[in-house]
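Pulled from TrEMBL:
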type	residues	note
DOMAIN	585-669	domain 'Smr'
REPEAT	157-191	repeat 'PPR'
REPEAT	192-226	repeat 'PPR'
REPEAT	227-261	repeat 'PPR'
REPEAT	262-296	repeat 'PPR'
REPEAT	297-331	repeat 'PPR'
REPEAT	332-366	repeat 'PPR'
REPEAT	367-397	repeat 'PPR'
REPEAT	403-437	repeat 'PPR'
REPEAT	438-472	repeat 'PPR'
Amino acid sequence: MAYTYGFCSSPSISFNQRSFNHPIVFQSRTPQLRITQISLQESVSEVTHNLNPQSSNVSQFAAEKKKSYIWVNPKSPKASHYKQKSYDSRYNSLTRVAEALNSCLPVEEDVFNILDSNLGSKLVEQDGISVLNKMLDPLKARIVLKYFQDRCDLNREVVLYNVTLKVYRKNKDLDGAEKVFDEMLQRGVTPDNVTFSTIIGCSRLKSLPGKAVEWFEKMPSFGIQPDDVTYAVMIDCYGKAGNVEMALKLFDRSRTEKWRLDAVTFTTIIRIYGTSGNFDGCLTVFEEMKALGVKPNLVCYNTLLDAMGRAKRPWQVKSIYQQLLSSGLTPGWATYAALIRAYAKARYGDDAMNVYKEMMAKGLSLSNVLYNILLSMCADVGFVDEAVAIFEDMKSSTDCKPDTWTYSAMITIFSCCGKVMEAEETFKEMVESGFESNIYVLTSLIQCYGKSNRTDDVVKTFDRIIDLDITPDERTCGCLLNVMTQTPREELGKLTRCVEKQNPKLGNLIKLLVESNIEDETFKNEASEILRDVGEDVRKAYCNCLIDLCINLDQLEKACDLLDLGINLDIYSDIQSKSPTNWSLHLKSLSLGAALTALHVWINDLTKALEEGEELPPLLGINTGHGKHKYSDKGLAGGVETHLKELNAPFHEAPEKAGWFLTTNVAAKSWLEARRDDVAVAA
């Protein structure tokens, strides 16, 4: 029989004549604190089932309680005697039994001996629930379940099974839990919502979202309607199982029906939106969870940082990281990794290096992937000294060593800045370390030798690619084109023969261009065919290099034809823009030769506009971008500025708009008219 107790301030004790035949209740004038003896933690539904007033046991107990109870002064010497008879005392003893069971061997004899010696013969179903609820070993829990099944009259056997399943969930033993479920059905026990939610929880802990979905979708066949808690959990499971549509459908429903979602579920939705490219959706969900009072955990912050990194939004990465620090959470390895990936992708070199230094200061080791991401970024932004330091740190690391990608990045860095000796030494070290030459490394060496005007070594390296049975790709050919823009005219023939081996049509076009032996229309048609055939990822590079080559060969008209072709093929877009207040020329992402060609075309367009009587706007501007070339002190802006001075053009760098050269319509009109007159005189 279960006992409950409370306290009252009455100085007297009143005994009913039948006091020893009924529960002892210490009553208080203050509201009674009702204690539920069953604790299934997350299994809220089960507790609800057990408190159902329709239960015959509960109803009978309530009726008895109304009939008779005892008032006991808690200060009375007899109070402690009655307390010992209460169920709290019984519950504490059952907890000790569970602890003893957790320490014994998982054999039936040992388990039964402990239960027999501690529980006696007067067993109730609640005893089994209390013991199982505190157990840790699923094998022993199964034995305890059998013990109570054989010795008790069971009114709610499903509760015994549910607390047993909870032990399997603690141990992430999904196979065992499924066997217990099968046994339930064989005994004719009907599972309830808690049964399924416990097995679903076990599947989640095992990182098997597909299994969780499988069990969730079995519920209707047993006539069970999932509760809001289970539905909320399934948002996470469907998301991780790849069923994005169902996850988002449940998430939308959760908003309407006000389900209580946890940080894990919100994190899954953020990850889904981030993977699908809905980066604004990530931020919306993040703000929504905070508005609902759900505190983001470290995994949530890391997931959002990764999403903003993929979105190339480094400014939002900084903001989110500051929120993380302000929340009191401590950044972990995954946090720093997300920051490095985000800053490196956005080419925020200084920020990425600061994160790297902080990791080093905290004794956190980097993975090969992170080292290579940093080195690749250094190659992109021209951090030569920083790359050397990272490379040396990686070589001294006990956790990882340089691989092919590492050496490729270092050779690329040395190649871009023309450090031939360092590039060759790194290549030698790579081969001695057991790594084979690949197309990326050899292409970088071609670039290195080309930058140093070592044309013969370029040819030798290309021949080495052929000898190794490596097929030159479009990037290799693009690298050869880039080298040709830096090569004296008399040596272009050597490189043309290399290009012909990879792309015969392109090689022949360059040959005719160098020999000035091709008609403009034929050149334009053949160039169009070549640019259409190459991949989109190299198309702009090819067009830029061909225009640069034309400029170097003093063939401006063909350079203009190529620029026009690039615009028609959508290789270049929005080079010129017009508004009522200003006309602009946008040269960002163009090579220097292509930029000077676009400038030439724009000046001609301005001259034509004047001749046709069109009024110039108040302001005219040229936008070159404000960055310098990553391996040079002189960027596109410097090259354009030099050319403008050669033309005596009235464009001047704007002090408050980096990368912009501006002039007024009055100055531009005067200069264009003077230039037109000079051309007329020369003719």
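Placement of Cβ uses the backbone N, Cα and C atoms for every residue, glycine included.
No curator has checked TrEMBL annotations; they are predicted automatically.
Per-class residue totals from DSSP over the repeat 'PPR' (157-191), listed helix then strand then coil: 27 helix, 0 strand, 8 coil. Below 8 angstroms of C-beta separation, residues 263-264, 266-267, 270-271, 273-274, 277, 279, 282-283, 286, 289, 338-339, 341-343, 345-346, 348, 351 of the same chain, each at least six residues beyond the ends of the repeat 'PPR' (297-331), sit close to that stretch. For the repeat 'PPR' (192-226), the mean pLDDT of the prediction comes to 90. Within the repeat 'PPR' (227-261), the DSSP-based counts of helix, strand and coil residues read 28 helix, 0 strand, 7 coil.
A Cβ distance under 8 Å defines the sequence-distant neighbours of the repeat 'PPR' (367-397), meaning residues of its chain 6+ beyond its ends; these are 337, 340-341, 343-345, 347, 349, 352-353, 356, 360, 403, 405-406, 409-410, 412-414, 416-417, 419, 629-631. Here the repeat 'PPR' (262-296) is broken down by DSSP into helix, strand and coil counts: 27 helix, 0 strand, 8 coil.
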